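The structure under discussion is supplied below as structure tokens; questions concerning it will follow.
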Amino acid sequence: MLMPHWFTSYMSGKPDRFGTFLALAGILVLTPDTLVIRLSGLERWTLMGWRGILMGMMSFAIWWLFFTRQPWRDLRTTITWQGLFVIATFSLNSVTFTLGIVETSASVVLTAVATMPVFAAILSAFLLQEKQGWLGWAAIFTAMAGVGIVVADGSNAIGQPGGSVILGALYGVLTAIGLAVTFTFARKYPWLAILPAAAFGAFISGMIGLFLAEQDKIFEMPLWTVLTMGLVLLPVSFTCLNLAPRYTSAAVVSLMMLLEMVVGPFWVWLGIGERPSATMMGGTAVALAALGFHIIRTQWYAANQTNTN
């Protein structure tokens, strides 16, 4: 792939820069996703079906064409218990995120999803024996308090769907847990082919969605929204996000993912007028500050440990 000279010069010999670029590119591509969901006007199961199937097929094609030299060997890693667990988890992510966005305000769901670093820290403590310390746990509880503020005032969001705020937040938290499992397994088991596993998980969620959808309405949708989500936004963004930890730290990737909590609702506000209340924005700011502090602190600590050793 041809790149501008200034780009290759800047990235040359700097894998951290390239990893940061991948994470930033991935999350910026993902941010309009919630707006496109709203513009599609699809009911939940049809939406889930087309998103999952198209994302799964395109993600698998991207992996097969560009990111593997031994596809059959890599595919065998997806039928280990670790691979099957990631497939199931990513399938759950796809289901819960779609259900959450259809249920309630985008700000509620995206703020809940942004707690992914919290659950990644908890999982890392058990699976990777990474200690958090009291500052880490304080940041975690503060972030959850911020999410609580958003949820408590979620019914005051303007232009939101009329579903349950609490249920939508729960779906967002389940999505965060699923993403945390996927990224933690990617770190713990570097031999595991994450990209095809995620593609299989997305495809399974799509099959579930189409099975539960009203059969006479499956093909009644704005085609451009479905194609944009399934063939561009989701496969490109998650390919970048899943590859980024190979070049930079998971903390940097997590920090970039916080942009979704801010930029995603902004697109929805700009596009259809759905916006959070002032209290919800305050809760989002609390969660954003706590999570940002937690990620930057752990990154600084890791850098100091490396320099000491």
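Cβ atoms here come from the backbone N, Cα and C positions, even for glycine.
Unlike curated records, TrEMBL annotations are generated automatically.
Sharing the feature lines straight out of TrEMBL:
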type	residues	note
DOMAIN	33-151	domain 'EamA'
TRANSMEM	48-67	transmembrane segment
TRANSMEM	79-102	transmembrane segment
TRANSMEM	108-127	transmembrane segment
TRANSMEM	134-152	transmembrane segment
TRANSMEM	164-185	transmembrane segment
TRANSMEM	192-212	transmembrane segment
TRANSMEM	224-244	transmembrane segment
TRANSMEM	251-272	transmembrane segment
TRANSMEM	278-296	transmembrane segment
Against which stretches of its own chain does the transmembrane segment (134-152) lie, if we need a Cβ under 8 Å and a gap of at least six residues from its ends?
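Sequence-distant neighbours of the transmembrane segment (134-152): 107-108, 111-112, 115, 118, 121-122, 165-166, 169, 173, 276, 279-280, 282-291, 293-294, 297-298.
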When each of 48-67, 79-102, 108-127, 224-244 is checked against the transmembrane segment (251-272) for Cβ pairs under 8 Å, which one has the most?
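Going through each listed stretch, the top one turns out to be 108-127.
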Going by DSSP assignments with H, G and I as helix and E and B as strand, what are the residue counts for the domain 'EamA' (33-151)?
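Result for the domain 'EamA' (33-151), in helix, strand, coil order: 100 helix, 0 strand, 19 coil.
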Report yes or no: does the transmembrane segment (164-185) come within contact of the transmembrane segment (79-102), defined as 3 or more CB pairs under 8 Å with a sequence separation of 6 or more?
yes
Look over the recorded stretches 48-67, 108-127, 224-244 and say which has the most C-beta pairs under 8 A to the transmembrane segment (278-296).
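Against the transmembrane segment (278-296), the leading stretch is 108-127.
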Report, as numbers and ranges, which residues of the same chain sit near the transmembrane segment (224-244): CB under 8 Å and 6 or more residues beyond its ends.
19-20, 22-23, 25-27, 29-30, 32-33, 36-37, 39-40, 42, 50-51, 53-55, 58-59, 62-63, 67, 182, 186, 194-195, 198, 202, 252-253, 256-257
